[in-house]
Ligand code: NIG
Ligand code: FE
């Protein structure tokens with residue numbers, strides 16, 4: 001039997017529903033309360049009007065916001081790439097080639113080792129307020145290793161993405177067409193039952209536009225929905241392809257033409273920006289302002305992976321997005337919550353409104369602005385996931 005809990009004395013509540021709050025996109029309510037029943041939010045409003053409940057939690061005049069939605073990560077892997085990072089910080093540039101190092105380590109790892117790693121990064125993310133995460137395969141690149149990665153991921157999240165097309169497997173270096181045939185054939189058959197999404201790294205050194213189209217179209221035919229690593233390292237066809245195929249998200253979007261921005265603005269495809277990657281590869285920042293001003297829906301995610309962005313922290317990404325991508329604190333918080341939900345085509349997360357899942361983050365600060373204002377400070381002091389307090 002479920003019992004209800006009111007979290008009261010919230011100085012600033014982010015609902016992400018303009019009609020519930022101050023009419024801004026964040027739907028802010030001051031001196032607020034939230035009532036949880038079972039795994040759902042059942043009431044949101046001013047503290048003084050909160051209905052009676054079985055239990056009461058005093059937020060102590062601090063801020064509450066929806067749990068972060070990390071809609072892009074690569075958490076099934078073994079080993080790390082410290083040397084590669086060190087070399088980059090001495091001037092070397094990032095390329096897709098480093099992925100091969102993690103592929104070798106991941107293939108050699110046991111299931112138990114991979115799952116222990118995955119759990120460790122998930123716990124890390126949860127302590128920083130992430131209550132929903134997407135994660136991908138992509139470091140196996142054989143039928144067995146890709147399907148095993150997805151099987152392990154599916155034990156921890158519903159948002160599982162098949163990324164057999166991360167790079168051409170080193171085993172097929174001389175015959176990329178045969179690898180594309182494998183990814184769209186036997187590997188897809190083995191992986192589709194464990195995944196919701198299909199992704200491809202559309203980039204020089206990975207897959208070109210025609211290969212990416214063939215891979216995503218094959219995935220769609222098997223019931224998987226597309227998302228794309230697009231325009232990360234250079235201009236390319238990825239964003240246009242994402243829009244053409246109604247991908248839920250085009251991820252990275254660092255190098256965009258005006259036509260790319262227009263295409264995104266006139267589509268249901270979210271632009272997911274991953275500032276941890278630009279930070280860790282010392283690359284040019286994506287221009288979030290340009291996208292937002294054009295009316296594009298923007299999500300912020302970590303891209304947590306051992307090569308280009310080894311952070312599980314959305315608070316860190318929010319701070320980067322505000323400082324270096326010209327987002328306001330309000331926009332960055334929206335993008336890491338409601339934006340992530342949009343990138344996963346979910347309406348039950350990323351907002352604190354009646355009927356939504358009770359995923360909440362309590363900050364040790366009076367408002368959400370402190371996430372950018374106090375970078376690097378561990379401000380997350382409470383997390384509820386599906387109605388249960390876990391931090
Ligand atoms: O999103 N760009 C492709 N994939 C990852 C990096 C993977 C790696 O370097 O291991 C990314 O940045
Ligand atoms: Fe990625």
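The backbone N, Cα and C atoms fix where each Cβ goes, glycine too.
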According to TrEMBL, 72, 74, 303 bind Zn(2+); which of 156, 194, 225, 229 is also listed for that site?
229
Let me know which member of 232, 240 TrEMBL also records as binding 4-imidazolone-5-propanoate at the site of 81, 139, 166, 308.
232
For a Cβ distance below 6 Å to any atom of ligand 2, name the binding-site residues from 81, 232, 303, 308 that qualify, or say none.
303
If one looks at the chain holding residue 229 (Fe(3+) binding site), which residues at least 6 apart in sequence have a CB under 8 angstroms from its CB?
199, 200, 201, 202, 203, 206, 238, 251, 252
Within 10 Å of each Cβ, count the other Cβ atoms, then let me know which of the binding-site residues 72, 74, 81, 166 comes out lowest.
81
Got a sec? Which of 72, 139, 229, the binding-site residues, have CB under 6 Å of any ligand 1 atom?
229
Tell me, which binding-site residues from 81, 139, 166, 232, 305 are within 10 Å of residue 74 (Fe(3+) binding site) if we use the C-alpha atoms?
139, 305
Could you state the whole-number distance in Å separating the C-alpha atoms of residue 72 (Fe(3+) binding site) and residue 81 (4-imidazolone-5-propanoate binding site)?
19
Within its own chain, what residues at least 6 apart in sequence put their Cβ under 8 Å from the Cβ of residue 308 (4-imidazolone-5-propanoate binding site), listed in sequence order?
94, 276, 277, 280, 281
